[in-house]
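Structure record follows, encoded as structure tokens.
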Amino acid sequence: GDILDDYSRTDGVWVLTRNKQFYETNNEKECAAKCEAERNFTCRAFLFTRKKLQCLTLAENTKMTVAFTSTDTVLYEKIIYLMQCKRGIGTDYRGTEAKTQRGIPCQKWAEKTPHKPNYTPEKYPNAGLEENYCRNPDADGRGPWCYTTDPATRFDYCAIPECEDQCMQCNGEDYRGEVSRTESGLECQHWDVQEPHMHGFILKHYPEKDLKMNYCRNPDGELRPWCFTTNPNKRWEYCNIPRCTTPPPVSGLDSQCLSGKGEDYRGRIAITESGNACQHWSTQFPHKHGWIPDRYPCKGLEENYCRNPDGEKKPWCYTTNSNIRWEYCTIPPCDRTEQGIAGMNNVPVQAPPTEECYRGKGQSYRGTASVTASGKKCQAWSSMFPHRHLKTPDRFPDADLRDNFCRNPDGDSSPWCFTTDPNTIWEYCNLKRCDDHTQQ
């Protein structure tokens, strides 16, 4: 791979450092090669200035020293020295934890008191035995350790967390790491602000999605974690989160009956409630779609079985009838209560009458209003002009994203739409609540 893949990039940042070496190089890759070959100290990062083509290899990184703004400078930090967690038994852990699990400060590896060490920087030059940082030079099965400064305790293990949040399982819906840059290096926009991009992913509406700071997340069932960017010209972008090498934890037995919304249903029913056969998930005929099994490895998209990969109200499938794109399936309930048995009836769902007011948050609104609160015309949901977006009829098949009618597919506070004004991405619609007169 690219030599820069092992580095985290930050534009416009300089770090205050004591140990550094200057080199003349033509580009960042040459500078990275200098960092890899540095023999005067352990190179944890490097600075590259575009105008001067100057390369500075550094012993410190942002975990160890002060950073400040500097235009025309790019800081590259070795990811391994930024990680404060361990992978496996932590033989490659190069973090800065320097106390034991009981809180006793570690003895420096190069010192001989209060304990004479068997493992020293001279004997093990590739083990990262710097300062008094916790390390695992002997591949101890219990992980990183250190000699302690307590004369009564020769060594002890360190409390280094596992790097479970540094990678993603499935499509990263449960990723809770702290990556906050996109795959092209753009800084993520904070979820709790609406600049430069307005959006509906508000923490109070998605309390279980952990929309903290500007960390990459996957709150809407995308292929992988993403974020809105701080670049006004790039609304959103995926983040480069590695896939975990360990299999995802088993979340109980795969259900053969309907429990809740049926997201864990893994039975073999493959016919819709009106009797249409289901289309195979791996095919694109008669209906093209984005639920491709290889892209969504944990959704159980096998054969043509009914599934609920997107949090619909119950399992569904695309049909083999070219005139009917998709339908719900009738799955036997796990809890055969009166309500469950009633749900077995093949009674077609009746659409509510068209109305020009909304109830609750307006997620059930199916009216034909298509003008925003400020009078702007709505953009059609299936259109990507003037605004590219994710709220398409394919992704939200039960949200009735027809034409350019106001809708609320993402649980916002009221119906909204993207606008046809290139300078205004979206706005709430010019609609009132049906029960306004009952509100206190």
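Glycine too: its Cβ is placed from the backbone N, Cα and C atoms.
Note that TrEMBL annotation is computational and uncurated.
What you see is a predicted model, and the numbers here were worked out from it, not measured in a lab.
Per TrEMBL, the feature domain 'Apple' maps to 1-80. When averaged over the domain 'Apple' (1-80), pLDDT in the model lands at 89.
TrEMBL lists 84-163 (among others) with the feature domain 'Kringle'.
The domain 'Kringle' annotation in TrEMBL covers 166-244 (among others).
What TrEMBL records for Cys167-Cys244 (among others) is disulfide bond.
The disulfide bond annotation in TrEMBL covers Cys188-Cys227 (among others). Taking a C-beta cut-off of under 8 angstroms and a sequence separation of 6 or more, Cys227 (disulfide bond) has the following same-chain neighbours: Ser180, Thr182, Cys188, Gln189, Trp191, Asn214, Tyr215, Cys216, Arg217, Trp236, Glu237, Cys239.
As annotated by TrEMBL, disulfide bond applies to Cys216-Cys239 (among others). Cβ neighbours within 10 Å of Cys216 (disulfide bond), excluding its own Cβ and spanning all shown chains: 24.
Taken from TrEMBL, the feature domain 'Kringle' covers 256-334 (among others).
The disulfide bond annotation in TrEMBL covers Cys257-Cys334 (among others).
The Cβ of Cys317 (disulfide bond) has 26 neighbouring Cβ atoms from other residues within 10 Å, across all protein chains displayed. The annotation disulfide bond is assigned in TrEMBL to Cys278-Cys317 (among others).
As annotated by TrEMBL, disulfide bond applies to Cys306-Cys329 (among others). Counting Cβ atoms from all protein chains shown, Cys329 (disulfide bond) has 24 others lying within 10 Å of its own Cβ.
TrEMBL lists 356-434 (among others) with the feature domain 'Kringle'.
All protein chains shown were included, and the count of other CB atoms within 10 Å of the CB of Cys357 (disulfide bond) stands at 14. Taken from TrEMBL, the feature disulfide bond applies to Cys357-Cys434 (among others).
If you look up TrEMBL, you'll see Cys378-Cys417 (among others) marked as disulfide bond.
Among the features that TrEMBL reports, disulfide bond is placed at Cys406-Cys429 (among others).
The Cβ neighbour count for Cys167 (disulfide bond), using a 10 Å radius over every protein chain in view, is 16.
DSSP labels the residues of the domain 'Kringle' (356-434) in these numbers: 0 helix, 17 strand, 62 coil. Closest by Cα distance to Cys257 (disulfide bond), from the disulfide-bonded residues Cys244, Cys317, Cys329, Cys378, Cys417, is Cys329. Listed disulfide-bonded residues near Cys417 (disulfide bond): Cys429 (candidates Cys167, Cys306, Cys317, Cys334, Cys429; Cα-Cα distance within 10 Å).
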